[in-house]
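Colleague: Before I ask anything, let me first share the structure, which is written out below as structure tokens.
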């Protein structure tokens with residue numbers, strides 16, 4: 001009878017594969033990403049930016065929904081004193097104009113749709129139940145507005161031309177350097193040089 005032998009199984013180690021490097025970005029895209037990263041780093045170092053009362057004018061209705069409606073009468077009084085009479089009047093007028101614009105757009109039967117906010121939707125606003133949540137969402141809105149360069153009163157050249165804010169870029173460069181390094185595996189000689197755990201060197205009887 002013919003004899004059948006089982007095939008020998010040889011263990012094969014999978015070769016180490018380096019991660020595929022990212023394709024190079026165009027100079028324009030790289031500059032844009034660098035500027036946005038620097039602006040985010042600026043906000044991390046300067047949290048007082050968010051406390052500027054003038055930011056309310058960027059979107060009076062959003063501020064009213066996320067911040068103002070959670071304020072106590074005392075807090076509104078303090079805010080009004082900080083703004084001054086002209087500031088309170090300006091924010092009130094802009095808030096009223098924004099409400100009229102929203103009312104008109106809701107009753108307009110044209111097929112043209114008003115562009116929605118990138119930051120949030122009406123459904124998101126309805127989920128804002130606490131003062132802390134509203135303030136966090138307002139800060140998110142201000143962050144995206146600042147990073148995109150929409151704060152017309154800010155001189156972005158102070159940040160975009162400052163290499164000191166390249167924290168994320170330096171971190172990415174370090175990670176890319178480690179990715180290019182070959183892993184070093186422990187050799188048999190290294191394993192043999194280690195003493196066996198629990199070995200005392202005394203003969204047991």
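Counting starts with 1 at the first residue shown.
Backbone N, Cα and C define each Cβ position, glycine as well.
Unlike curated entries, TrEMBL annotations are predicted automatically.
According to TrEMBL, the feature compositional bias 'Acidic residues' maps to 176-191. Among the features that TrEMBL reports, compositional bias 'Polar residues' is placed at 193-205. Positions annotated as domain 'CCD97-like C-terminal' by TrEMBL: 37-101, 120-181. Look at TrEMBL and you will find 1-40, 176-205 tagged as region 'Disordered'.
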Colleague: As a test of reading the model: what is the averaged pLDDT for the domain 'CCD97-like C-terminal' (120-181)?
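Modeller: Here the mean pLDDT over the domain 'CCD97-like C-terminal' (120-181) amounts to 82.
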Colleague: On the DSSP side of things, how many residues of the domain 'CCD97-like C-terminal' (37-101) fall into helix, strand and coil, could you say?
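Modeller: Each residue of the domain 'CCD97-like C-terminal' (37-101) counted once, the result is 59 helix, 0 strand, 6 coil.
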